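Report on the following structure.
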Amino acid sequence: MDEFDRDLDNELEFSHKSTKGVKVHRTFESMRLKPELLKGIYAYGFEAPSAIQSRAIMQIISGRDTIAQAQSGTGKTATFSIGMLEVLDSKSKECQALVLSPTRELATQIQNVIKHLGDYMNIQTYACIGGKNVGTDIKRLQQGQQIVSGTPGRVLDVIKRRNLSTRHIKMLILDEADELFTKGFKEQIYEIYKHLPPGVQVVVVSATLTHEVLEMTGKFTTDPVKILVKREEVSLSGIKQYYIQCEKEDWKFDTLCDLYDNLTITQAVIFCNTKIKVNWLTDQMRKQNFTVVAMHGDMKQEERDAIMNDFRSGNSRVLISTDVWARGIDVQQISLVINYDLPLDKENYIHRIGRSGRFGRKGTAINLLTKSDTIELKALEKYYSTKIKEMPSNVNDVM
């Protein structure tokens, strides 16, 4: 694992709105964590806490409700995972912590991070997600899982079936909270929360936190410590952003083909707004003998898992996807993101291009525009207080 870009990481501005004097822990040793957890942290590849980790981990361990926002790729998942692992009772086989995520892939990735960090702790964790046989979930839950990472629909299902006991849950984590609180997830989360014991600790984590999300989390948090980054400073530092004017929609494909040789230098993700567009673009690229893989929400879970594993391992170099892939999926080698379509939701821009600069590395984002996209590009620049430049004629100058 690459080290954090310490200069970039230290630029993040934190505003502790509900409390003053949040202590900053510059080393993991200063947190006085369990020796076996500390061993897992170092084995995973961390050397020193990132800005969010140095502030939020101890707040979580202390039992405070915590709202944490930080740049994509600064170790938010490890932040709540370390806090959670420190306070769990490894001798009890009851479920003690519940993590909710907006996508199956993210829930599975969180499970893997927890497994690695808790490698020396004898902690059982399980990804409870849709797309899998519920019978398998029931069997695994009956074996005893101290941490469950899942999607709201499936988690609520196993709670209602009484296959997941909530009596001993002391921590609820909402990851990528802004997406979780969109229509469809909000009601399920409230329903899950009603089944949890009174006084359960709530940890809210996201790269972006809207005013609406902060309002909603206020309904089930008590005097939370807020560790926030100003919106315009989130996730864009260290990522070079460009646009290519294509005039017509039809010209985008030719432009993408011209860029293909540069896509495979490391790994690249191409985002489209619809599943139909993903399938169409994948077919067109393959007809031109370009090697690409595709992923969207209509695929079976086994197929999505296989594609993710291939992409993680580097066997496939170019992935075409909808926004199902944009949030929190951690593949270290990605250095280029192409927005074939500008995102429909401004908040998703940050999640998409944040993939290209994981853990403080430098990345490049290229936006393919038609004339009608120009207004939306200007709106993105204003929203994030950033400047998106026109792509130089020599692509090698920016890659």
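Yeah, the Cβs are placed from backbone N, Cα and C, and that goes for glycine too.
Here's what Swiss-Prot has on this protein:
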{"type": "MOTIF", "residues": "26-54", "note": "motif 'Q motif'"}
{"type": "DOMAIN", "residues": "57-227", "note": "domain 'Helicase ATP-binding'"}
{"type": "BINDING", "residues": "Ala70, Gln71, Ser72, Gly73, Thr74, Gly75, Lys76, Thr77", "note": "ATP binding site"}
{"type": "MOTIF", "residues": "175-178", "note": "motif 'DEAD box'"}
{"type": "DOMAIN", "residues": "238-399", "note": "domain 'Helicase C-terminal'"}
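Counted within 10 Å of its Cβ, the other Cβ atoms near Ala70 (ATP binding site) come to 26, all protein chains included. In terms of DSSP helix, strand and coil, the motif 'DEAD box' (175-178) has 2 helix, 1 strand, 1 coil. Neighbour count (other Cβ atoms within 10 Å of the Cβ, all protein chains): 23 for Lys76 (ATP binding site).
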